[in-house]
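S.K.: Quick one: structure below, then a few questions.
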Amino acid sequence: MAKPVVAIVGRPNVGKSTIFNRIVGERVSIVEDVPGVTRDRIYSPAEWLTHEFNVIDTGGIDIGDEPFLEQIRQQAEIAIQEADVIIFITSGREGVTSADEMVAKILYRSKKPVVLAVNKVDNPEMRTQIYDFYALGFGDPFPISGAHGLGLGDLLDAVVKHFPEKADEEYGEDVIKFCFIGRPNVGKSSLFNAILGEERVIVSDIEGTTRDAVDTVYTYEDQTYVMIDTAGMRKKGKVYENTEKYSVLRALRAIERSDVVCVVLNGEEGIREQDKRIAGYAHEAGRGVIIVVNKWDAVQKDEKTMNQFTQKIRDHFQFLDYAPVIYVSAKTKKRLDQLFPLLKTVSENHAMRVKSSVLNEVITDAVAMNPTPTDKGRRLKIFYATQVSVKPPTIVVFVNDPELMHFSYERFLENRIRDAFGFTGTPIHIIARARK
Ligand code: GDP
Ligand code: GDP
């Protein structure tokens, strides 16, 4: 489940983001209407041969107004903290610089495996320039060219060799992993603490086996939950922990490890553009989603206020129309106990499997009610549908021509499937595939 994390470090202009993009390749966003979801990427899934992992471009984490060397130093620290393997990038054009030596010293103190790459080695004649880089003390330097895509295979072969043999099974199957994400000050850490303070919550002493060691395990009515930490949930320490990019990175990592993501909104302040972006991450990752409106105690309200706020949420977060909304207060703990059964329901729906026979009945009925669309005289034909995976539920629909499956018809089918099976809180992926 937990994929290894690879971090790219190095001084500015050596080619970190170029290499990051090479490793990650082209990935298409599934939420086109959420601005900024894929722009400015610093964290992304990637694969090499049979290995799946995540890559961080630490160069994309700008650390406020800190001086140049301080920025590089903190980026290297983030790499050490977050990664299983570090790719240290230098440049064959400039040779070894004092900034490279500083990065080397920081990396050297950590126990994380480091693979040294010399970038901008654009042609074979330049290969002789890599020998100086042995002096950095990380063994054989790998000559690469991000611009031309050279040497990356050898580099990645060396990287994946350092991956742990088998990812440890972090927690059992029936444990519900979740996190709170949201803008600063919406009340994430207050919710975290309020849950731990609930009367029937029994916090487990057993530390998670995860390297982060920031998971909080507890039981409530015989169900075990794991709360996964995001940036700033605990005491703030390092300077970089207050930067936005670092918070985003931590949120993305928490989302990835969670079954259910609670998107926290500030009921007092209302919805902001940043909320939308954050919610988009949860949706894109295919996790179960609950929208938690916090600070409801501080809202001036009458009997219409809640419905009006829910309507605003539905207007702003159209891509999350499946997500239930709850109104809570971390301060007074009002309705906080409703979060537990909701987490359970959403988590079950996220992992739900439906029988093909029943699924096909639902689709046959749907088609009878609303005939399939036609395009230039050709009609979409649906032959058969089957659920191919869970978390999130993914359904493949075999058709005569996938081009004929219009977005609106897919939406219609999705709604019929939701009506029939009740997939509250989880996205459903529907894939139209041509039957051979
Ligand atoms: P970063 O600051 O470390 O992320 O570096 P960038 O990826 O932004 O690259 C800095 C500059 O180096 C850009 O102008 C790139 O086009 C250039 N560059 C990156 N990789 C190569 C390479 O392999 N060869 C050459 N000649 N230039 C490169
Ligand atoms: P985070 O940055 O999202 O972790 O937010 P915090 O948990 O640190 O909360 C930010 C501020 O909002 C603090 O001053 C909290 O006391 C306050 N706060 C959090 N939850 C509530 C709530 O339910 N009601 C009210 N009135 N204030 C809250």
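Backbone N, Cα and C atoms are what each Cβ position is placed from, and that goes for glycine too.
What TrEMBL says about a protein is an automatic prediction, not a curated fact.
Here the structure is a predicted model, which means the values were calculated and not measured.
Not my notes, these are from TrEMBL:
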DOMAIN    4-167  domain 'EngA-type G'
BINDING   10-17, 57-61, 119-122  GTP 1 binding site
DOMAIN    176-351  domain 'EngA-type G'
BINDING   182-189, 229-233, 294-297  GTP 2 binding site
S.K.: Using a Cβ cut-off under 8 Å and a sequence separation of 6 or more, which residues in the same chain sit near V121 (GTP 1 binding site)?
M.R.: G92, R127, Q129, I130, P143, I144, S145, L150, G151
S.K.: So if I measure Cβ to Cβ from G10 (GTP 1 binding site) and keep only same-chain residues at least 6 apart in sequence, which ones fall under 8 Å?
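M.R.: K16, G59, F88, I89, T90, D100, V103 - these are the non-local Cβ neighbours of G10 (GTP 1 binding site), listed in sequence order.
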S.K.: Under 6 Å from ligand 2 by C-beta, which of these binding-site residues make it: G10, N13, T58, N185, K188, T230? Sequence order, please.
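M.R.: Close enough to ligand 2 are N185, K188.
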S.K.: Given the binding-site residues N13, T58, I61, state which is nearest to G182 (GTP 2 binding site) when distance is taken between Cα atoms.
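M.R.: If we rank N13, T58, I61 by Cα distance to G182 (GTP 2 binding site), first place goes to I61.
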S.K.: Quick one: of the binding-site residues N185, K188, T230, W296, which has its CA closest to the CA of T58 (GTP 1 binding site)?
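M.R.: That would be T230, nearest by Cα distance.
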S.K.: Around ligand 1, within a Cβ distance of under 6 Å, which of the binding-site residues N13, K16, G182, T230 show up?
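M.R.: By the Cβ criterion, which requires under 6 Å to ligand 1, the hits are N13, K16.
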S.K.: How many Å separate the Cα atoms of I61 (GTP 1 binding site) and N185 (GTP 2 binding site)?
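M.R.: I61 (GTP 1 binding site) to N185 (GTP 2 binding site), Cα-Cα distance: 21 Å.
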S.K.: Using DSSP with the three-state reduction, classify K188 (GTP 2 binding site) as helix, strand or coil.
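M.R.: Note: K188 (GTP 2 binding site) is helical by DSSP.
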S.K.: Using Cα-Cα distances with a 10 Å cut-off, which of the binding-site residues N185, K188, T230, W296 are near N13 (GTP 1 binding site)?
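M.R.: Passing the 10 Å Cα cut: none.
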S.K.: Of all the binding-site residues given, N13, T58, N185, T230, which residue's CB has the most CB neighbours within 10 A?
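M.R.: Of the binding-site residues N13, T58, N185, T230, the most buried by Cβ count within 10 Å is T58.
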S.K.: I'd like to know the mean pLDDT over the domain 'EngA-type G' (176-351).
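M.R.: The answer is 88, the mean pLDDT of the model over that range.
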